[in-house]
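Student: Straight out of TrEMBL:
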type	residues	note
COMPBIAS	492-506	compositional bias 'Basic and acidic residues'
DOMAIN	74-481	domain 'Major facilitator superfamily (MFS) profile'
REGION	483-506	region 'Disordered'
TRANSMEM	73-93	transmembrane segment
TRANSMEM	113-133	transmembrane segment
TRANSMEM	140-159	transmembrane segment
TRANSMEM	165-187	transmembrane segment
TRANSMEM	199-220	transmembrane segment
TRANSMEM	240-260	transmembrane segment
TRANSMEM	299-317	transmembrane segment
TRANSMEM	337-356	transmembrane segment
TRANSMEM	368-384	transmembrane segment
TRANSMEM	390-410	transmembrane segment
TRANSMEM	430-450	transmembrane segment
TRANSMEM	456-476	transmembrane segment
Amino acid sequence: MVADQETTQFTYQYSPITLAEGREETVGEEEVAKEEEVAMLPDVKSATAIVQPVKGELNKSMSMETKVYRRRWIMLALFVLVFMTNAFQWIQFSIINNLITKYYGVESSTVDWTSLVFMVAYIPLIFPGAWIMDKMGLRVTLLLGAFGTTAGAWTNVMSVAPDRFYVALMGQTLCATAQVFLLGVSPNVAAVWFGPEQVSSACAIGVFGSQVGIALGFLIPPILVKDHELKDDIGADLLFMFYIVAGVSTLLLLVVIVVFQAKPSLPPSTARCLASQQPSPTPLTYYRSVKRIVTNRDYNLLLLTYGINVGVFYAMSTLLNQVVLQHFPGEEENAGRIGLTIVLCGMLGSVLFGVILDRTHKFKETTLAVYVFVLASMAAYTFTFKLEHIAVTFVTAGVTGFFMTGYLPVGFEFAAELTYPEPEVTSAGLLNASAQLFGIIFTILGGWLLGNYGSLVCNGTMLAALLVGAALTLPIRAELKRQKANQTAEDTPTKDAKEAVKDGNP
């Protein structure tokens, strides 16, 4: 018995037996071979099918064995931690935008590119990244993500000088490249290591990596980097923060090298077992897989709705410092705390909606309900800035984050259902590419509107975009192909057993 085995599902062996005697039709050579094989079995007189449950043995032809291992939690935790350090660096400059402009002597719109580069880099690299994930597996993918994150962190250490903003952009670009190997991997980690009753929850926890990193990215930079009179003092604070990030990233890279595994010995679910039996991907099969995904009508609608929702979140996060300081001057730390509130509430939403999906499998209904609440909460966030009470902004921002960030795992899992048996990393990667594209558009447009017309017009435009996204969710058909695959596989042994009994065979 495997030490870390938690659950073992029975393996069913099917031995088709067809008797030629008394039949008028011609029996082919393949059927005769099967009959001769059956004749060698003891105590078999007449049967049309034998259903034999076997525990711990795998029939080479038609049986499937699944196991769920305890070490899956270690693999998920490592992925979450690496993802966290990468996501931290996405927002670490933008949340102290006013201090970065002061230290490096650049415009606030230029500082926005330290976040925008994550979105820009992802779009052209999505297909190479997904190909590497599909071809080389989880271990290689996570190693590339961890290495790129570490390299970017140490490059940022070297950027601490008033005339080295270009070095900071280089470091952010390295981190953005590493993000390609992390951002769409959550559903794949969940599918490879977790059973059907935990896969949505595991995906939600995987998204935590990003959310925890963003939360810390909102919280820590305003605490560590203060608004000093002298640039050298600001530089010393930046250097201290960058050293911490680089040290943590390096430690995680070493742990991933030693501990992380590509996949368990046996798949955790029937759906994963069937998917793993697909031929090894080639450039042609990968192209065909992408073609099937992008010609899926329902997936294309989800692609737009997901991109709008998450793109608004990216823009909202990038511009948060500027929006808050426009209404509450001198509140840099509270701007970070508002961002932290958004993400922490979003983490709760991710868990809640992941559990709801595992329990109900109501993917479209959950998606639509979340979108409606995103609309309502974004409207409250937009219009309550006029009250000029920062406590109210904390509340409305938190509620918006709960639903907006909670939508992330819902979108990933719905996409996996609509496109099964295509690789989860491809469907998730395309969703993220859509989010990056909309994020670039909304961030640039929002920054311009914020500077020229104020936060009401900026946030109101985002609200209008979310309304379009909610409308596009309505025509999506909930064809849950992965759920059907699991259900069909579970029903087959029972169905065959009943037929055997009906034919007079025990």
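Here the Cβ of each residue, glycine as well, is placed from N, Cα and C on the backbone.
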Student: Out of 165-187, 299-317, 337-356, 430-450, what stretch is closest in contact terms to the transmembrane segment (199-220), meaning most Cβ pairs under 8 angstroms?
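Tutor: By the under-8 Å Cβ criterion, the transmembrane segment (199-220) pairs most with 337-356.
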Student: Is it the case that the transmembrane segment (140-159) and the transmembrane segment (430-450) touch, counting contact as three or more CB pairs under 8 Å in which the residues of each pair are 6 or more positions apart?
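Tutor: Between the transmembrane segment (430-450) and the transmembrane segment (140-159), which are separate recorded stretches, there is no contact, as judged by 3 or more close Cβ pairs.
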Student: Other than its close neighbours in sequence, what residues sit by the transmembrane segment (456-476), given a CB gap under 8 Å and a spacing of at least six beyond its ends?
Tutor: 298, 301-302, 304-305, 308-309, 311-312, 315-316, 319, 323, 364, 367-368, 371-372, 374-375, 378-379, 381-383, 385-386, 438, 442, 445-446, 449-450
Student: Test the contact criterion for the transmembrane segment (299-317) and the transmembrane segment (165-187): 3 or more CB pairs under 8 Å, pairs 6 or more apart in sequence, then answer yes or no.
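Tutor: Touching, no - the transmembrane segment (299-317) and the transmembrane segment (165-187) miss the threshold of 3 or more Cβ pairs under 8 Å.
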Student: Short question: most Cβ pairs under 8 Å with the transmembrane segment (390-410), which of 73-93, 165-187, 240-260, 337-356, 368-384?
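Tutor: Highest pair count goes to 337-356.
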Student: Answer with yes or no whether the transmembrane segment (430-450) touches the transmembrane segment (73-93) by the criterion of at least three Cβ pairs under 8 A, sequence separation 6 or more.
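Tutor: Touching, no - the transmembrane segment (73-93) and the transmembrane segment (430-450) miss the threshold of 3 or more Cβ pairs under 8 Å.
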Student: Using a Cβ cut-off under 8 Å, which residues of the same chain at least 6 positions beyond either end of the transmembrane segment (337-356) come close to it?
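Tutor: Sequence-remote neighbours of the transmembrane segment (337-356) are 91, 95, 200-201, 203-205, 207-208, 211-212, 214-215, 217-219, 316-317, 320, 324, 362, 366, 370, 393-394, 397-410, 413.
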Student: Looking at the stretches 165-187, 240-260, 368-384, which one shares the most CB pairs under 8 Å with the transmembrane segment (430-450)?
Tutor: 165-187
Student: Grab the pLDDT values for the domain 'Major facilitator superfamily (MFS) profile' (74-481) and give me their mean, rounded.
Tutor: 87
